[in-house]
Each structure stands twice: as C-alpha cells, then as structure tokens.
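A.B. asks: If you look up TrEMBL, you'll see CYS68 marked as heme binding site. Among the features that TrEMBL reports, compositional bias 'Low complexity' is placed at 377-408. The domain 'Nitric oxide synthase (NOS)' annotation in TrEMBL covers 67-74. As annotated by TrEMBL, region 'Disordered' applies to 377-415.
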Amino acid sequence: MSGDSGRRAEQAEAWLRQFGMENEWDEERVAARIAAVKAAIGSGEGYEPSAEELAWGARVAWRNSSRCIGRLFWPSLDVIDARGVRSEEEAAGALLRHLETAANGGRIRSVMTVLPSADSGADIRVWNHQLLRYAGYPAASPGEARRGDPASDAFTALCLELGWRGTGGDFDLLPLVISAAGREPRWFPIPQHLAPEVAIEHPEHPGIGRLGLRWYAVPVISDMALEIGGTVYPAAPFNGWYMETEIGARNFGDADRYDRIAAVADALGLDRSRNATLWKDRALVELNVAVLHSFRQAGVSIVDHHTAADQFVRFQRQEAEHGRETSARWSWLIPPLSPSLTPVWHDGGMRELELSPRLLPQDKPPRLQRLERLSESRAGAAAAAGCPVGMPSDPSAEPADESSPAAAGCPFRGH
C-alpha cells in the first residue's frame, strides 16, 4: 500500500472504529468493515462511506464544528445523499430540493446535502458562499449610492459575466452557480417559493418597517467541504436556522454590509449628534428586536442569542457526559450583541481541537478569486478617495481573514 493509500486507510479505520463505538457495533462487525474498506483502498477504489456512515459522519462533523453555537441539535440533522449526481442540472435539482426540505413551511429543518466525493471524478462544485444570498452592486461612479450586499460584489460580477441579470436593487436574490467535470460554471434561477423571505418590522416603531428591510429565511452554507474518514466532499451544503444577531447586528449593522444603523436610529428619532447618546447601541438593540419579532410573526424559526448561548452550555455538558471535550473557538461563539451577558463570554477554557469528521474551508475557484481581488482593489481605491464604501467600522482593525467571524459564515448559521 502506497504512502497516500496507507494514510487513507488509517483515517478510514480511525473513523470506522469511532462510528462502530458510537453506534454500538460489536468488534467483529467493526473489524469486518475495516478489512473491506482497507481492501478497497488498496485496490485503488478508495473509501466511500455507506449511507449509514455518511449520515452519522455528517452529524458528527456538525458536532465537531468549533465555530458553531447551535450544536445541541446535531443528532437531528437530516442528511440527503446526492452522491449519484453527475451533471450541473442534477446538482441544481438536488440543491433546490434541499431548499424545499429545509424551509419546511417555516419550521426550519437542519439539512445537509452531500454531492459526489473528490475521488468520484464528477468534480461537482457549488460556487455560491450560501445557496441564498443577495446581489451586491458597487457604485457605478463617485457620488452614486451602491446597492445590495457588499459581501456579494465579486459573486454578483461572476453571475453577470455568466449572463444573469438582476434589478440592481438591494435585495436581488442571486442564482445557483454550479460547475461539473471541469466545465465552465452555469447559473440556475431559484424559484421564489423556494426562497421565502421575511419583511422586517418592529412591534412598536413603524418607522423601521418603512426602511424596506427583508431577509431570507434559511442560511445554507455551500462553499465548505465535508471530510469523513479521509474522504472529502467538496460540495456539501448545510443549514441550521438563524440567530437574530446574524441578521440584525451583522448583515444589517456591519459598516461593510448593509450599514443600516444610522437609518434605524433616524427611524427611532434618536440623537446622533454625539457618541455619548449611545444611539448606535440603542438602534442595534431595536433592530434585533425587529428581526426576532418579524421572523416569529412570519412563523419562521429563529433563536435569540441568549437562548442560543444557554443551549451551547447544555451541549458542552452533554459532550462532557459522553467523555468528549468540546472543540470551540471563543471569538466565533460570543454573540455580537451584549456578549458579556451570555455564559460563553466568561468561558476561558475553550480550545479548538483537530477532529474528524469535519467541515473544512476550501479555496474558491480561480475565476472567483480573480473577481474578488478586483472587487477588493476597487473598494480600496474608493476608500482612498474618501468614499465610505468598503470602510471598516474600526479604522484600527486588521483586515478580516478566513478565521474571522466577519469573513465567513458560521457552520449551521450564516451571515
């Protein structure tokens, strides 16, 4: 067995022993399965998990996700096996079924759809960061207002290159973009009924409703890879449900996203003449109240950050009862609103562990990387010219990287 095959065999064996233990297999059954998998790897076939192993591996990958506060519900993950997909059309169909299953009439279900492995030769890749996201349109010239979500500028440029056209508004739903077998990517529209949205209104302040804000119901992260026993699945979209601060504090509040805090403050009649009025804080709280109220009025699942933090503590306790240390990255788990009022803020013992199965970041396709570099250079030029587009909220802050919560969505959450 070659060095690579030997390593793959070791990874598969370690996973199968874990799987067997957690599913109460006897040693004879585990040994037989390991022997069969090692033989397949030795013959060049590789390890392709059974349907049962795939489903459990996907759930454990969620359980191991150090950046996710919502892991209490990991055993309930629905796993859709779409490994037989071979074309862009088939992949698009699988992703649309995912959206339908996850939305579930508002009672959001946690779902992962697993497309072919890297060993299959199908080379299926989903180019979207999230299956649902709004387009971003930079200002066409100095003095003009930009529209949409700045986080989507580069991906929107890709979609436009491929022939998609939006309205140029703030909430244009982007299409699915999929490639297969080394071919150029193709785009597929998402029917409106598979992308339910929630209009944002406040129970006491109608001015917030007049801002015209809305957000989609289901956050589906789609650009991470799933690894189980050494087998990697480059396309494995997954979702949970939103925590309100992801929409109210980050998507609407961040200066480099929709940047609506000042508009909300004006809708509330707050004094913005000086920082000491704490107008930003007051507007942020009421915006998050509006998000929670609106989702609940629409019958769409959402969790507040205090409840989510309490649920994470329960998850930690359950893991300890099973003899497992919780892998956790503190900077990702503290909410962006009133973090010191949650128990996770005060937990100084968190550490991030190298565990498998796992969800992995992966390089974006080169064409998308090129467009992102172009988008960043344009934003930098605009900032140098004094335009607020792309300016960080804290001028002393370091640029966000892949490890920063500002740069990527939390697994089973999504900014």
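Note: Cβ is positioned from N, Cα and C throughout, glycine not excepted.
Here the structure is a predicted model, which means the values were calculated and not measured.
Could you place these features in context, so I can see how deep they sit and what lies close by?
C.D. replies: Secondary structure from DSSP puts CYS68 (heme binding site) in coil.
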A.B. asks: Over the span of the domain 'Nitric oxide synthase (NOS)' (67-74), how high is the average pLDDT in this prediction?
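C.D. replies: The answer is 98, the mean pLDDT of the model over that range.
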A.B. asks: Just counting, how many other CB atoms are there within 10 A of the CB of CYS68 (heme binding site)?
C.D. replies: 23
